[in-house]
Amino acid sequence: YICTFCNYSSVILTNVKKHIRTHTGERPYSCTVCSKRFSAKTNLNVHFRLHTGALPYECPHCKKRFNQKRNLRQHLMSHEHEYPYICFVCHKSFSTKGNRNLHMKIHSGERPFECSICNKRFNRKYSLQKHLETHQTLI
């Protein structure tokens with residue numbers, strides 16, 4: 001089976017159908033809580049855990065729990081002392097590329113997330129979200 005938009009192919013038809021959604025933007029799966037839409041049911045299931053607070057994946061070393069298997073895998077690297085991602089500026093090491101890239105914003109001063117109420121800027125989306133809660137309590 002071959003994608004009609006590019007040269008992607010698979011012996012499994014459903015894989016090609018899922019891939020085609022990357023071209024069409026189709027998002028047939030909708031969250032029943034917040035109506036956010038997803039192109040894959042697995043992504044909807046992971047998202048839904050944010051609403052339920054479900055943390056089905058547990059670290060066998062420290063019992064910390066995670067909502068996604070990939071987050072558990074990344075966490076396990078910290079127990080194995082694997083920190084392959086190095087900061088180019090200060091040479092601090094990280095177990096994930098994402099954590100290294102987030103850390104790099106400290107050196108660059110990058111603050112891409114801006115509060116629409118007071119224009120304060122943040123280097124993390126989560127920090128902006130927590131900040132927005134302070135405006136809610138003022139209302």
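Keep in mind that glycine also has a Cβ here, set from the backbone N, Cα and C atoms.
The domain 'C2H2-type' feature in TrEMBL is assigned to 1-28, 29-56, 57-84, 85-112, 113-135.
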Exercise. Could you pull the average pLDDT for the domain 'C2H2-type' (57-84)?
Key: 88
Self-check item: For the domain 'C2H2-type' (29-56), residues assigned helix / strand / coil by DSSP
Solution: 12 helix, 4 strand, 12 coil
Practice problem: On the DSSP side of things, how many residues of the domain 'C2H2-type' (1-28) fall into helix, strand and coil, could you say? | Solution: 12 helix, 2 strand, 14 coil
